[in-house]
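The active site, proton acceptor feature in Swiss-Prot is assigned to HIS280. Here Swiss-Prot flags ASP242, ASP262, MET263, LYS276 as S-adenosyl-L-homocysteine binding site.
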Amino acid sequence: MAGQAPNMLAPPTDDELLHAQADLWRHSLYFVTSMAFQCAVKLGIPTAIHRAGGTASLPDLVAALSLPPAKLPFLRRLMRLLVHSGVFAAADDTTGSAGTYRLTPLSWLLVEGEGGAPVVDGHPCQVPVVLAGTSRHFVEAAMGLAEWFRKDVPAAAPPSPFEEVHGAVLFDESMASLHPEVDTVFNQALAAYDHSGFATVLRECSEVFQGVQSLTDCRGGDGAAAKAIVEAFPHIKCTVLDFPRVIGNKRGDGVVNYVAGDMFRAIPPAQAVMLKLVLHHWSDEDCVKILTQCKKAIPARKDGGKVIIIDIVIGAPSGPLLEAQLLMDVGMMVATKGRQRDENDWRDLFKKAGFNNYKIVKKLRARAVFEVYP
């Protein structure tokens with residue numbers, strides 16, 4: 001006689017319920033950590049600590065940031081949370097209660113150069129990424145998720161919650177219908193995100209670029225990545241392709257050539273085409289269209305033809321890296337028609353676009369580099 005099935009509805013123990021209640025508070029108030037993070041960035045706390053020589057006390061911060069002295073106890077509470085979440089580190093104890101703080105690798109990314117310059121010590125400042133991700137427009141779109149799920153839309157790629165709430169498509173000309181500052185914030189965030197970690201790519205994955213004679217950087221923006229490639233590999237002739245509104249009046253300088261166009265229609269021919277943090281903004285159907293154009297732009301594999309893709313690949317071991325990948329995936333769902341993909345998803349896209357093989361280089365933590373061959 002078969003044994004009795006276990007009771008899956010057995011009530012939790014008192015201890016489990018107490019832990020669950022703490023988890024409920026934590027999940028319900030996660031946004032407070034994000035807003036505290038935004039507050040630190042808007043106040044300029046990372047930059048103030050950096051300019052103080054790497055450590056700063058609460059009185060130092062109050063003075064440097066021109067805050068009312070009466071706010072010192074409240075600043076202590078803010079910093080205590082941000083020390084716990086890893087944004088800052090306590091220089092004098094483990095909790096941050098004593099009130100002297102130093103930068104962590106995370107807050108180092110939020111230091112602004114002199115005069116508000118976007119780069120300090122060679123590291124692209126990521127302040128715009130924080131301001132966009134915690135902006136009212138992004139948060140309002142995320143708050144519309146439940147209504148978005150309930151709405152019956154037959155299209156294979158329905159409008160994103162961002163589009164439904166604000167009537168504009170992120171990074172599209174329709175963003176001009178919103179306040180100009182909103183479009184600027186998101187474009188600055190895209191540029192900062194696009195530039196982040198690329199120096200590491202060139203150091204850790206240099207073999208990907210060796211032997212390449214010419215390269216087209218699709219959606220290459222201001223050409224910073226292309227210029228970095230040429231600096232590291234002077235023999236590579238680089239072309240940047242982006243929308244006319246992005247290219248503007250940029251002209252080739254003998255190092256990088258600029259082409260205004262649409263990657264869905266045509267891509268300037270080159271031995272290699274690079275898509276850096278591009279495809280996760282697009283649906284599977286659109287990705288296949290983009291990759292098909294890439295395939296038309298490159299020669300056969302025997303002649304060195306390949307597509308270089310730098311993007312997130314879901315599949316990190318459980319922990320902060322996987323959580324970051326999953327948060328980025330839902331973030332894409334909120335703001336775009338794209339998504340983050342695991343390696344099987346990427347393989348399916350390559351196959352549908354007519355590519356025969358690929359290699360993957362996993363040296364970039366949450367991201368990876370694909371070399372995709374015709």
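Each position is counted from 1, following the chain as shown.
Each residue, glycine too, has its Cβ placed from N, Cα and C.
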Pairwise C-alpha maximum, in angstrom, for the residues (ASP242, ASP262, MET263, LYS276) that bind S-adenosyl-L-homocysteine according to the record: 16
C-alpha spacing of the residue listed as 'active site, proton acceptor' relative to ASP262 (S-adenosyl-L-homocysteine binding site), in angstrom: 17
CB contacts for LYS276 (S-adenosyl-L-homocysteine binding site) [other CB atoms within 10 A, all chains]: 22
Binding-site residues listed as ASP242, ASP262, least Cβ neighbours within 10 Å: ASP262
Assigned conformation of LYS276 (S-adenosyl-L-homocysteine binding site) - DSSP reduced to three states: strand
Whole-number Å value for how far HIS280 (active site, proton acceptor) lies from MET263 (S-adenosyl-L-homocysteine binding site) (Cα to Cα): 15
DSSP-derived structure type at MET263 (S-adenosyl-L-homocysteine binding site), helix or strand or else coil: coil
Per DSSP, three-state class assigned to ASP242 (S-adenosyl-L-homocysteine binding site): strand
Inter-residue Cα distance where the pair is ASP242 (S-adenosyl-L-homocysteine binding site) and the residue listed as 'active site, proton acceptor', in Å: 17
Residue among the recorded positions MET263, HIS280 whose Cβ has the most other Cβ atoms within 10 Å: MET263
